[in-house]
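Annotation comment: TrEMBL describes 155-174 as compositional bias 'Polar residues'. What TrEMBL records for 24-67, 71-114 is domain 'LysM'. TrEMBL lists 130-191 with the feature region 'Disordered'. Positions annotated as signal peptide by TrEMBL: 1-23.
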Amino acid sequence: MFKKIITIVPVAALLTVGATAQASTITVEKGDTLWGLARENNTTVETIQTVNHLTSDLIYPGDLLTIAKEKQHTVKLGDTLWDIAIEHDVTVSQIKDWNNLQTDLIHPGLNLVIYVGAKASAVKGTSTVAAPAQKSKESVPATNNSDDAPKTAAPVSSTTQPTGEATAPVSNNEAVKESAPESSAPAQTEGAKEIMVEATAYTASCEGCTGITSTGINLLENPDAKVISVDPTVIPLGSKVFVEGYGEAIAGDTGGGIKGNKIDVFIPSKQEAINFGVKQLKVTILD
């Protein structure tokens, strides 16, 4: 086991700015447009589309739409996506999707967009959104002028025929279904064991470090590898795990200071490893 970079820091709170109202669910009525609903609910067309996973401006009578308020958050030292998701009752995957994040790693000073209450509304909508796929064949969708720019012009009633529009509700339904489950994939794994651990971070970029783990993984040559150091009596060495806020990883290392319900997560950047601090996280042992 090579040298660790471990620094204990307090978990900081998020700086939140904006509205605190929770999301609401509305039923689309004949004649409704996204532009009109956005104006009526003091939000934007883009926000409604993002929260409801809409790929176009088309909506249909009977559709359930979530109207969520947008909040801006500035990440502070010690924050994780898991902490932020729990605090605002959303999922890690939603935060990553809204902010185009490719990994679970965040940095102090990063501004994140949070749509308050989006999680609860997405779950409610899954039982009813499937209907529009067949209904669109026999009824005219909610009136929407396809020539109008929803951001700048008020909607005008029209009789535009829904050319090729029947597929829009289907993709909407699929997207909502995907957002309903929690971000932690292990919840679907039968027989998975969950434990709470004290987590710190380490890096291979230190003086005298070989970068080779106890199972032979070369972290210097594979800086993107997700590896954690464990106590083999608690988490079997070589097992696949899911660490909240870190993702899927391999229990591929050990250390003299890692005893009991403690882990070290590998982070290639020395500064990010220092910023990680000490956290209480849930670990799911997948196999």
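Just so it is clear, glycine is given a Cβ too, placed from its N, Cα and C backbone atoms.
Unlike curated records, TrEMBL annotations are generated automatically.
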DSSP residue counts for the domain 'LysM' (24-67), split into helix, strand and coil: 15 helix, 8 strand, 21 coil
Structural state census, the domain 'LysM' (71-114) (DSSP three-state): 15 helix, 8 strand, 21 coil
Stretch-averaged pLDDT - the domain 'LysM' (71-114): 85
